[in-house]
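Worksheet: one structure, shown below.
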């Protein structure tokens with residue numbers, strides 16, 4: 001078996017080695033030749049450049065903790081907004097909480113009379129003024145009760161103010177007395193007195209003095 005197959009294998013081997021490779025031809029007949037590639041293959045190595053100065057992260061989380069949320073925005077941190085908020089009665093820490101409550105109550109009571117008079121259920125009757133004034137006074141009473149409940153739930157009697165005693169620059173300041181049980185009680189009492197006074201003053205201007213207002 002081996003003697004008979006060896007001549008065939010040798011003939012096949014010699015045929016493959018001696019036979020010339022067929023060169024492909026184009027459509028017109030001549031052999032195709034390879035064109036030189038217009039691209040130039042270059043190789044380079046990318047290496048990181050070591051800077052002389054150490055880099056640092058420009059935007060960092062609050063206090064270095066990424067899990068702490070910050071509510072500071074360009075609007076809330078602008079000097080104009082800070083000036084406006086610092087002049088509101090609730091944020092004037094140098095003013096007594098009682099006087100702050102009176103000022104806030106006067107504004108609320110005075111402004112609540114008009115909507116109740118013109119949009120109340122008795123707006124088309126002759127009792128619109130009296131009903132609207134009483135409704136505004138009732139809302140002031142309800143708001144005063146809500147402020148009282150908030151003070152009882154948030155502050156403990158006899159404990160000092162929970163407001164911070166340091167500014168952002170580290171300067172010591174007097175804690176806001178409004179953030180205490182006694183200060184909040186004064187604020188609530190002032191709000192009730194100011195609110196009722198504001199309602200009374202608005203009713204007096206519209207219906208007692210009988211001034212030529214746009215609506216009554």
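Note: Cβ is positioned from N, Cα and C throughout, glycine not excepted.
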Quick test of your reading of Swiss-Prot: among 135-155, 156-176, where does it put transmembrane segment?
135-155
What are the DSSP helix, strand and coil residue counts for the topological domain 'Stromal' (48-134)?
44 helix, 0 strand, 43 coil
